[in-house]
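Reviewing the structure listed below.
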């Protein structure tokens, strides 16, 4: 009897970036709420926990010595120092989740994403775009936390960031969160069906089938 092709159980690493105001956080939250096989990576940091933050949930809180030791052990997909504190994406915990069949989201900035791309070549890199720069402006203004000067700074930063879209595998325009989520779901499904992800399992199933034909 012919064996079934083994299911590809390894999860997919989904790296999501985009300019401030594009809606990255809202999209990631919607994906997490909708799918029980999608998880978000918990970053590590050396900063002190804020009120209500839980170690292992909001961040993995490390001492600077522990963080530097992990850097020496190459245990970060990416890391950076911001205002005297270190932040990074632990490689071992991401790999553990992927091996367990969990799809893992990294919502990180562009520089961090490009560093991850150097180490995680099988990751799926998605850039979230606003429908227009005018819409982006309105979204940022609605937050009510920007001065005219900081608003201009954000716009200049957004223009620069959008130039990096060609470094990503996919671009998703977020004119509607529900539609953007559907597009990412379609991307994830297509990535799961890629031959290079299934190749090892396909070969194993062929070997099992040949063994049955010869010895059964």
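In case you wondered, yes, glycine gets a Cβ from its N, Cα and C as well.
According to Swiss-Prot, the ATP binding site annotation covers 18, 19, 20, 21, 22, 23, 24, 25, on the basis of sequence analysis. Residues or ranges marked as domain 'Guanylate kinase-like' in Swiss-Prot (evidence: sequence analysis): 11-189.
Using the Cβ center of 18, 19, 20, 21, 22, 23, 24, 25 for ATP, the list of other same-chain residues with Cβ within 8 Å runs, in sequence order, 128, 130, 174. Along the domain 'Guanylate kinase-like' (11-189), the predicted structure has mean pLDDT 94. In the structure as shown, the Cβ atom of residue 18 (ATP binding site) sits within 10 Å of 29 other Cβ atoms.
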